[in-house]
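**Q** Below you'll find the structure I mean.
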Amino acid sequence: MTLPKIKHVRAWFIGGATAEKGAGGGDYHDQGGNHWIDDHIATPMSKYRDYEQSRQSFGINVLGTLIVEVEAENGQTGFAVSTAGEMGCFIVEKHLNRFIEGKCVSDIKLIHDQMLGATMYYSGSGGLVMNTISCVDLALWDLFGKVVGLPVYKLLGGAVRDEIQFYATGARPDLAKEMGFIGGKMPTHWGPHDGDAGIRKDAAMVADMREKCGPDFWLMLDCWMSQDVNYATKLAHACAPFNLKWIEECLPPQQYEGYRELKRNAPAGMMVTSGEHHGTLQSFRTLAETGIDIMQPDVGWCGGLTTLVEIAALAKSRGQLVVPHGSSVYSHHAVITFTNTPFSEFLMTSPDCSTLRPQFDPILLDEPVPVNGRIHKSVLDKPGFGVELNRDCHLKRPYSH
């Protein structure tokens, strides 16, 4: 089989600072009013009264969704979405295009390495540039799968299990249990600036959910980089009587010594997890060395599927789990091939967590959601990532080349 070359790469965006809030899509923080994801969740900005109540108040949704499409000489296309918006469009159209167009559709690792090397001087260890590279990488995998007529998970070597089981992230673990999920992860609402009173309030929330969900349903806390080691340690011990399964991302990404200390201090049997806001393989190697139990890369932010596969191998070599942050189909096709990912995350994007809504709604068509907390591998059997771009969304292409 002669594989075609890539003829075009294009980048669009939706949402972000120039749009009405609530666009959704790849920037899942960009939701409308009265949504749990924007309701007094503890953040690094919570210590400032003006930015305590709402994450959108400090601009969590200003980037918007980046959509990258790659087109082969034969007219077939692949695409992906991430969080990078208009600035990501500029990087794709004005810089990364030179490493993509003219390459064979199978040259994914070559393109990936060239994108990383060429942006190293302005990318740092993650953030906007890495989100953009991730989006390109995912689009390339989607195109390759569609050209050869295979789902991405089969390109990676095939499934190691028949289905993926999920826990749900949202404000209502009790509703998640009714929907068949294996656990529920709640955001914390208080931080170090709230003192011991904040610890008591979040521990009371866990206690209330434990009573509602029973003794065996998993309960976890997502702290979203909002704490310090002392506060996180005290919170973990306050929640231990309620069988908290893990405490997640308590500290900013680069506080590796803090994660090492927190793991030493955590109650016996309670896991410490992080990784959502780490980018690059090197940062995950350092994170793994802290001894945390689960690494949680976001495939749309860490360097794409190419990097996620490397992170999973790194974690496996150390006996650690890798459970990616959300990411819908882009994670599904990876984790069903990983032996060290026994479960995965589903992010509840309905406002009150009472219904199942696709994570990247409305930008993806045919995006699957779990049934009774699970997705069978047969659901993933369409070529590429198995979804299509919703071109009825108001796509903007601000740059070209």
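Cβ coordinates come from backbone N, Cα and C, glycine included.
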**Q** Glu248, Glu276 bind Mg(2+) according to Swiss-Prot; which of Asp216, Asp222, Asp228 goes with them?
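**A** Answer, per Swiss-Prot (Mg(2+) site with Glu248, Glu276), from Asp216, Asp222, Asp228: Asp222.
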**Q** Are there binding-site residues among His29, Arg55, Asp222, Glu248, Glu276 that sit within 10 Å of His325 (active site, proton acceptor), Cα to Cα? If so, list them; otherwise say none.
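**A** The binding-site residues close to His325 (active site, proton acceptor) (Cα within 10 Å), listed in sequence order, are Glu276.
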**Q** How many neighbouring Cβ atoms, not counting its own, are there within 10 Å of the Cβ of His29 (substrate binding site)?
**A** 20
**Q** I need the CA-to-CA distance for His29 (substrate binding site) versus Glu276 (Mg(2+) binding site), whole Å please.
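**A** Given the Cα positions, His29 (substrate binding site) is 14 Å from Glu276 (Mg(2+) binding site).
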**Q** Long-range neighbours only, meaning 6 or more apart in sequence with Cβ under 8 Å: which ones does Asp222 (Mg(2+) binding site) have?
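**A** For Asp222 (Mg(2+) binding site), the qualifying residues are Thr169, Lys185, Met186, Pro187, Thr188, Glu248, Glu249.
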**Q** Give me the count of other Cβ atoms within 10 A of the Cβ belonging to Glu345 (substrate binding site).
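**A** Taking all protein chains shown, Glu345 (substrate binding site) has 25 Cβ neighbours within 10 Å.
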